[in-house]
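A.B. asks: According to Swiss-Prot, the protein has these features:
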type	residues	note
BINDING	Asp35, Glu114, Phe192, Gly218, Asp241, Lys258	adenosine binding site
LIPID	Cys17	S-diacylglycerol cysteine
LIPID	Cys17	N-palmitoyl cysteine
SIGNAL	1-16	signal peptide
Amino acid sequence: MLKKVYYFLIFLFIVACSSSDDGKSEAKTVSLIVDGAFDDKGFNESSSKAIRKLKADLNINIIEKASTGNSYLGDIANLEDGNSNLIWGIGFRLSDILFQRASENVSVNYAIIEGVYDEIQIPKNLLNISFRSEEVAFLAGYFASKASKTGKIGFVGGVRGKVLESFMYGYEAGAKYANSNIKVVSQYVGTFGDFGLGRSTASNMYRDGVDIIFAAAGLSGIGVIEAAKELGPDHYIIGVDQDQSYLAPNNVIVSAVKKVDSLMYSLTKKYLETGVLDGGKTMFLGLKEDGLGLVLNENLKSNYSEIYNKSLKIGQSIMNGIIKVPYDKVSYDNFVLQMEN
């Protein structure tokens, strides 16, 4: 009898251990790879906040990796080997490698923010999220043009490409829409990771009479903000990707935000609950879909609330289709031509 009890207890122990192991194996793993650094005070930082909130709320495993061009393939392979169920990529520079990995590795799901896939069929296990960045950039340009005291505003971009061009042309179009005589100085620094270069580029612009700069350049853009802080009053910034007013409360007037964190959170949560990724396509988000927004710095509200409210009305015209915002050189040239006629 004792022998039977002994074997029964062993059986229960084995079953309990197996159940415990099964519970652990059921925990999903969501990974995040970004181009550059996580502490960019913008796009990458927002994505990190989203995935960490998912971990806290849903008790999942997460893996975060900051990467650069030559390391993309190896870093993504490591995420795949880490039993990732879903791998998020942040930034257009990851477009090609994520397309390749999704095509070759159908057992893993992938999603990318701002992938560039023109007229290409995306694999079913890859979801691309693309923002109509030109729309919020148009509002930023309109605001800057109305707020400028010198009649000269600037744009500093990181690496030139389709996404950054939509920012630049949208910004320039909005500025011209507000004031056809405004002068817009646009410059790319060629990197998202050079604080010093962003700082010196902005300093030169300010010295040349620019009083408001819209910076879409990652860590290089933080250098632009630093230049405005150092130069003091009358040197202003339009923030990007998230509300950046906390970085320079006296200089960042408004921010052109992309709601990356809330979007990533909701899409990932849905995937984890259903086990289904609605991939094989690009999801386009703009002002109408509440994927973008212009946020006013509360510290400067008394000085700029009127211009801000006018900018929001322009946003309504964009959402209603009254204003067609340009996103590249051809559409921008046509936009300017129509304004002149």
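Cβ coordinates come from backbone N, Cα and C, glycine included.
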A.B. asks: When a 10 Å sphere is centred on the Cβ of Lys258 (adenosine binding site), how many other Cβ atoms does it contain?
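C.D. replies: Within a 10 Å radius of the Cβ of Lys258 (adenosine binding site) lie 22 other Cβ atoms.
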A.B. asks: Within 10 angstroms of the C-beta of Asp35 (adenosine binding site), what count of other C-beta atoms is obtained when all protein chains are considered?
C.D. replies: 23
A.B. asks: Are there residues of the same chain, six or more positions away from Glu114 (adenosine binding site), whose CB falls under 8 angstroms from its CB, and which are they?
C.D. replies: Ile90, Gly91, Phe92, Ile129, Ser130, Phe131, Val163
A.B. asks: Run through the Cβ atoms and count how many others sit within 10 Å of the one on Phe192 (adenosine binding site).
C.D. replies: 25
